[in-house]
Amino acid sequence: MPPSGIIRPRQRSTSQELRSQWASPNDILSLLLLVGGDVVQQALAQQSGTKLPTPVVFSFGWVGYAFTALLSAVGNNRLMPPAPGPSSIILSTNHGHPRTNDSWILNRLLRDYENLWMPNQVKVELEKMLQAANAPKAGLCIAIFEASEKGIAGVPQKDLYWFSGYVVALLQLGIAAVPCGTQGSWDVLLLTAVGTGLAFLTGSLPQWRQERWACRRNSKKTFALSHGNGAQHVLVIQGAGRGLDLEDIARSVEKTAYDWKTKVAFGLLTTLWGGLLITVSGVRRQTWFLLAVGALSMVHTVIIAAAPRNPEWFGIYLDYRGVVVKRKVMEALQSAEKTLPGLGRSMLPVFFPGTMTEHDVRWWSQNSPGRTYSHADLGALSDKAGREDTLERRAEQ
C-alpha cells in the first residue's frame, strides 16, 4: 500500500514534557497570580493607613484579590477584612452595654497584647498571683491604660515591618533586572515594575484610612476590650479627651461606605490587574526569574499578614496606668470598681452574669455609686444589657 503522504508529529515522551515544564513554568505563573488573595488582603490591612505609598509588594494572589475587592466595592462596601481570630466585645463604662467587636484593628490589638506589648508590670503581677494561688490561669487580669500624648491618635507610627516593604520591592526589581542585564530580556523587569506600581496604588487608596479610623476623636470615654466571659485578660483604655472612640471603631463596618471615586478606581485597577495576568501568561522566557520574584514577595506578604504589631502602628498611643489581677473574677471586678468607679460595675454583666451571694449583693449596693442592688437586679443585668444593645442596633439600621 503506498504511503499516505501524511506526516504525523512525533509525540514527546513524558520526560521531555517534564523537562519542558521545568525549563519554562509559565503556565503555573498565571495560576499563582489567582490564589492567595486572602493573604494579600491581610497584608494590606496591616500596612495601609499612611499618606505615603503603601509598601505591600507585588506577589502571588494579587489578581485574585483585585477581583474580590471589586466585588466588595459593588457589594458590601468594605476593604478591611473581617475581625480575625476569636470574637471579642467592647463596652463603655458610660453605659455598660457590651457590643460585638467587628473591627480588624481592635481584634489584632487584643491578639498582639499577650504576644508582644503586654507591659512588664502586668507580667510580674500576673506571675506573682499565679505562683501564690498555684494556678495555671488568673480569674481576671485587668490592665488599665490611658490615651497618650506621645502621638496623634489615628496617625500610625511606622515600624520595621512597614519599611521592609520598600526593601523587598527593591530586591524584586534587582532580581528582575538580571535577565535584562545579562541577556537583554526586559519583559520580566517590566512586569515586576508594573505589578509593584499597581500594588502600591491599590494599597494607597484613601478608603483604607477611612475604614481603619472611622470614629470620633478626642474621646473622654473609658472602654473595656476583651474576648468576653471566660477570658483572662481585659484591656481598659481611658480616652482622657485625646483618644479615639473605640466603640465607633468596633462598629466601623456599619459606618463607612465606598464613594464613587473608590469604585471607579477599583474598576480601573482590576482591569489593569487582568491585563497583567494575560501578559504574564504569554511570557515564554526567563520565567524562573518571575517565579523567584513572586516567591520572595509571597514569603514577605505572609510574614506581614501575620506579624504582631504595637498599638502605635494602629494609631492608638497608650500609657500604662495600672493592673488589677485576682484569682477570682468577683474579686477582680470589685478591685476594679475601687480603682476606677463604674469600671467594675460596667463589666459585671459580662464576666459575672450569675446569681450572687448575700455578701456580694451588699458589697455592690454599698460601693457602686448611686445604686442599690438586689439578687434579681444583679441576675438580670446581663439580659438587660443584651436587649438594649439589640434595640440600639435595630435603631441604627
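Cβ atoms here come from the backbone N, Cα and C positions, even for glycine.
Listed features, source TrEMBL:
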- 55-74: transmembrane segment (TRANSMEM)
- 160-178: transmembrane segment (TRANSMEM)
- 184-203: transmembrane segment (TRANSMEM)
- 264-282: transmembrane segment (TRANSMEM)
- 288-307: transmembrane segment (TRANSMEM)
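Among the stretches 55-74, 160-178, 264-282, the one making the largest number of Cβ pairs under 8 Å with the transmembrane segment (288-307) is 160-178. If one looks beyond the transmembrane segment (160-178) by at least 6 residues along the same chain, the residues whose Cβ comes under 8 Å of a Cβ in the stretch are 46-47, 50, 54-58, 188-189, 191-193, 196, 200, 289-290, 292-293, 296-297, 300, 303-304, 307, 309, 313.
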